[in-house]
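To start, the structure under review is shown below, and the notes come after it.
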Amino acid sequence: MDRIRIRGGRRLEGRIAIGGAKNAALPLMATGLLTHEAVVLTNAPALSDIATMGGLLAQHGLRVEHDTASRRISLDGAATDFEAPYDLVRKMRASVLVLGPLLARYGQARVSLPGGCAIGTRPVDLHLKGLEQMGAVIELDAGYINARVPDGGRLKGARILFTQVAAGATENLLMAATLAEGTTELVNAAREPEISDLAHCLLSMGARIEGIGTDRLVIEGVDSLHGTAHPILPDRIEAGTFACAGAITGGELLLEGMRLDLFGACTRSLREAGVELLEEADGVRARRLNGLHGVDVMTEPFPGFATDMQAQFMALMAVAEGASMITETIFENRFMHVPELTRMGARINAHGSSAIVRGVGKLSGAPVMATDLRASVSLIIAGLAAEGETVVNRVYHLDRGYERVEQKLAAAGADIERIAG
Ligand code: EPZ
């Protein structure tokens, strides 16, 4: 298994290209199941999760081409196989996003229940309840979701109230509603920018959607959707990760392609911590002004502070002046970076869904273990500022969501390398 070795203390500066958002690309790829015409996605990131989704769609029968050089994904053709098998779904829970499109267009789907993951149980009950409200008959059998629309009919529009704000459930039901008969209302819908990006792509395919960017989406079903070409939104989490990396080294980075509005509440938290964020013509400039200050954050659905930025921000707070209270409200087990950061000398006391971080003057390099995607990158951020050498093990977690992270950081001045293992 590959490892990444960092020797801390180097100030980062320069430009870092921000890639297309993983969490936009995955649902956008699923739209290929909603039409037999070509769906072309540009600004596509080369990530293992994207390859996994491509493999699943090919298994369904689509023609899938991913040209990483031109950053283009092309999807074409019709599905001939309606099963998403366990060995693919267990690798990536977002595979469940094929459920809505398969039901909407083919009236049937057999999708493995994703199961939990390191950060939480990650149920899909909201996806299933919404599809049942649209007329799907769903049975759980041997770890699979067996779903069908009775009598070979179509899903029916419905008013679906989410009892909890849920990004994936909103995406699945949004896609299903585009081909349903009648009107669907998604109330208390998630508002992540990736959902708006998906909605805009669906509009360009002929879908009829109102309320984009709000917590109430109204979709008028149509009989069919046509192909499209759609640029994938910049990855706000990758950008926020590099903003923390630059700031912890006292550096300055131009996050190429990023837009400030995509940061949501992270903008205010980073600024209060002492990181200046400036929107420029070709991206967002992130630079450390003076010292870093402890800032309290609570993760919330967008536009609140993103849960996917929690681990990275905690690494930054580990060397800030004063204390920071970090509360994780979205997932039940998203503090696995805490013991690893502690091994590097951070002073963190996690208790339930909150962690108090007391900033220290210096972290010390150490061998640490990656446990999930965002925890992995928080250890790299800490290693950039630590005294001595940090080796992050099990970086396959990292490759799911970050493209060439060590190359991008090295180009900005970090002393970092991947050790093939
Ligand atoms: C998406 O996951 C992202 N993944 C996650 O990013 C992100 O952390 C999460 O949204 C929150 O922003 C992708 O987009 C591929 P949810 P998702 O549905 O859709 C509960 C990363 O690091 N819930 O918004 O699975 C759930 O348990 C990943 O890139 C139900 O109870 O998240 C959680 O507590 C990690 N029932 C909350 O809702 C359901 O049916 C939010 O989950 C669905 C969700």
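Quick reminder: no glycine exception, Cβ is built from N, Cα and C everywhere.
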Candidate sharing the UDP-N-acetyl-alpha-D-glucosamine site with ARG93, ARG122, PRO123, VAL124, ASP125, LEU126, ASP308 (per TrEMBL), from ILE73, ILE330, ILE348: ILE330
Around the Cβ of VAL124 (UDP-N-acetyl-alpha-D-glucosamine binding site), the count of other Cβ atoms that are within 10 Å: 19
Sparsest-packed of the listed recorded positions (CYS117, LEU126, ILE330) - C-beta count within 10 angstroms: CYS117
Pairwise Cα distance for ARG93 (UDP-N-acetyl-alpha-D-glucosamine binding site)/ASN23 (phosphoenolpyruvate binding site) [Å, integer]: 12
DSSP-derived class (H/G/I helix, E/B strand, else coil) of ILE330 (UDP-N-acetyl-alpha-D-glucosamine binding site): coil
For VAL124 (UDP-N-acetyl-alpha-D-glucosamine binding site), the one of LYS22, ASN23, CYS117 that lies nearest, given that the recorded positions are compared by Cα: CYS117
Pairwise CA distance, ARG122 (UDP-N-acetyl-alpha-D-glucosamine binding site) versus ASN23 (phosphoenolpyruvate binding site), rounded so that it is a whole Å: 16
Spatial separation of ASN23 (phosphoenolpyruvate binding site) from PRO123 (UDP-N-acetyl-alpha-D-glucosamine binding site) - C-alpha basis, Å: 18
